[in-house]
Amino acid sequence: MTESGSKLRIFKILKIIISSLLITVLLLFTIAAIRTLSLDVNAGLQLAHWEKTNNKSLVIDHHQREELLANFKEAIRIPTVSFSNTEINTTALLEFDRFLRKAFPTVFSSSLVHHELVGNYSHLFWVKGSQPELVPYMLLAHIDVVPASESDGWEAPPFSAKEIDGFIYGRGTIDDKNSLMGILQALEYLLLKGYAPRRGFYIGLGHDEEINGLNGAMNIVRVLKQRGVQLLFVMDEGLTISDGIIPGLEGPAALIGLSEKGQAAVKLSVSVAPGHASMPPRETSIGILATAVKRLEDNPMPRLFGYGPEGDTFEHLAHKFSFPLKFIMSNLWLFSPLLSRILERKPVSNAFVRTTTAVTFFNAGVKINVIPSLAEAYVNLRIHSAQSVEEVLDIIKDTVGDQRVKVELVYGFDPLPISGADEKAFGFQIIKKTVLDLFPTVTVAPAICVGNTDSRHFIDLTKNIYRFSPAWFKPGDLERFHGINERISTKNYEEMIVFYFNLIQNCDIRKLPEPHSSVHEL
């Protein structure tokens, strides 16, 4: 074959390859475009024919508003602080018990409600339903709060419940006395209106959620197990209504947590012979450990976006983004790697992408002129749904890559099972309906809760656990969670009461409706 013939043949092959690539790209683009225009994961049961009920309405008058705000403020003023696993404010917990009985007299006196103390300070309510064949559900909240000090920079003392410009400031206003008081206030109003549920339900108020719920929630679970209780679903705190927090999203979004990330506490330690600072070795225990810590920070856990419920989150929100983000969100089958790289740039969204690694303690040294024999660091990991504690430990050991650094698991648990969010998931659909009835402009999406709640202890009682509170979070509010200037607007607290008031009644239907067959049908 001549040289010109060879060049011609190569040219033809290149032409075929380029043409094939162009056709492939065009085909992929066409598929992605069709999916972008047709994707409607939010249709769900919104237009379906729901079972007719005679739900009672709640219109809060001026006197009730003054009373419910006064009760909420009093709840915030009681410093029910969990300081550590061995130190809780039992005096405040006893005071809170007395306060609840005074604030909600109908709840505690109604023949429909059975109340008992569990683990000395936690509360368990059983509200009997008129149709015992309907499987009960459970609403959770917790009494305790994390420590707070005015010297940290609070605009108002953290246990003052001071009202400033329509906001009530104080520890517990969003974690989690807003839910606790909202649930009980809603039940109080329902009972006063003569409401008797068809579907029975439980309310569990743990007293030590901030220190893992080992005596509160776990004892409530033990009591329910002894009685053979199985639950239709559990709803606890977790995610909220985000407004202006997700970049590029048009309008607010109510995120309902289907799962929680796992958690592990890992200790790294280095032991060497002690020595005098005047004759230091080439590497000290602190230097060796610091290098190991730096390796962990420089080499984050692998990106796992799309292997957990976070993919569904963005698909549900896709229609609320403008181009080109709408195109990307609607086609995660194609753009997951690109989106995960975008999300990992900010700490808030990075938590959805991978197992996160945070060094929280570093202990070493006893004297300025003594080289320490022992250096220790503690690492807190929040584990992605696609990983396990064991897998994360192996990655840490490989990343550190130094036999002198001992890696030990202090405690840990795997990610929680993922609850259902389809058209047959009763709990999810009822929460979604209640949100949309109260806030019609909000987009509802399933998501993963990056923190941990008491609800994780209930996995033996139900496969359906949802983490959601109808609290509104705007830019800057995420930092208030466990931070300074925790607050809630008086308007939002009132909305929370109405939400639970409606949710309890919405749960009285026997079953979910069949999905609507046509969005054009009237």
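Including glycine, each Cβ sits where the backbone N, Cα and C put it.
What TrEMBL lists as transmembrane segment is 12-34.
For Asp175 (Zn(2+) 2 binding site), the count of additional Cβ atoms within 10 Å of its Cβ stands at 22 [all protein chains shown]. Residues or ranges marked as Zn(2+) 2 binding site by TrEMBL: His142, Asp175, Asp236.
As annotated by TrEMBL, active site applies to Asp144.
The Cβ neighbour count for His482 (Zn(2+) 1 binding site), using a 10 Å radius over every protein chain in view, is 16. Residues annotated as Zn(2+) 1 binding site in TrEMBL: Asp175, Glu210, His482.
The annotation active site, proton acceptor is assigned in TrEMBL to Glu209.
Per TrEMBL, domain 'Peptidase M20 dimerisation' is recorded for 259-403.
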Close recorded positions near Asp236 (Zn(2+) 2 binding site), where close means Cα within 10 Å, chosen from Asp144, Glu209, Glu210, His482:
none
In the domain 'Peptidase M20 dimerisation' (259-403), how many residues does DSSP put in helix, strand and coil?
61 helix, 36 strand, 48 coil
About how far apart, in whole Å, are the alpha carbons (Cα) of His482 (Zn(2+) 1 binding site) and Asp175 (Zn(2+) 2 binding site)?
8
Quick one, of the recorded positions Glu209, Glu210, Asp236, which Cβ has the fewest other Cβ within 10 Å?
Glu210
Tell me the Cβ contacts of His142 (Zn(2+) 2 binding site) under 8 Å, same chain only and six or more apart in sequence, or just say none.
Asp176, Leu180, Leu205, Gly206, His207, Asp208, Glu209, Glu210, Gly213, Gly216, Ala217, Glu237, Asp454
How far is it from Asp175 (Zn(2+) 2 binding site) to Asp144 (active site), counting Cα to Cα, in Å?
9
